[in-house]
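Quick look at what Swiss-Prot annotates:
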ACT_SITE  Ser25  active site, schiff-base intermediate with substrate
ACT_SITE  Tyr58  active site, proton donor
BINDING   Thr57, Gly73, Ala74, Ala75  substrate binding site
MOD_RES   Ser25  pyruvic acid (Ser)
Amino acid sequence: MLRTMLKSKIHRATVTCADLHYVGSVTIDADLMDAADLLEGEQVTIVDIDNGARLVTYAITGERGSGVIGINGAAAHLVHPGDLVILIAYATMDDARARTYQPRIVFVDAYNKPIDMGHDPAFVPENAGELLDPRLGVG
């Protein structure tokens, strides 16, 4: 039996730009792609925390260190700059691997810089209060 499991999650990233006229995808800072073990072209689900929108697209590599989370193409109708999003990737694996697999969970600050990384999808960092809306700390 094969199971589809959580592979990677970038938690509560801030959308930095949206380009309706781009061909599609989500642009993700190369540092975040590395931290979350995402490859260019990999399928990702975007969950918009602000409005509840959910969509599936693919990742493209953004400038390293830029903090970019760019929503491209038709998805720009659903997700807007400043929105908080969760980026999720799944992997299909056999039952034995699924029982031992540890996903990559990346928490980011208001500038989309990794501040906590782990493997437990239920883990909440000590500074979770600040992560509830990292935009409050910007400025």
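Each residue, glycine too, has its Cβ placed from N, Cα and C.
Feature annotations (Swiss-Prot) mapped to structure.
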residue : record                                               : contacts (Cβ under 8 Å, 6+ apart)
Ser25   : active site, schiff-base intermediate with substrate : Thr57, Tyr58, Ala59, Ile60, Asn72, Gly73
Ala74   : substrate binding site                               : Leu20, Gly24
Ala75   : substrate binding site                               : Ala18, Gly24, Val26, Ile46, Leu55, Thr57
Other CB atoms within 10 A, centred on Thr57 (substrate binding site)
19
By the DSSP assignment reduced to helix, strand and coil, which category contains Ala75 (substrate binding site)?
helix
Across every protein chain in view, the count of C-beta atoms other than its own within 10 A of the C-beta of Gly73 (substrate binding site) is 16
Would you mind checking how many other C-beta atoms are within 10 angstroms of the C-beta on the residue listed as 'active site, proton donor'?
16
Centre the Cβ atoms of Thr57, Gly73, Ala74, Ala75, go out 8 Å, and tell me which other residues of that chain have a Cβ in range of the substrate site.
Gly24, Ser25, Val26, Leu55, Ile71, Asn72, Ala76, Leu78
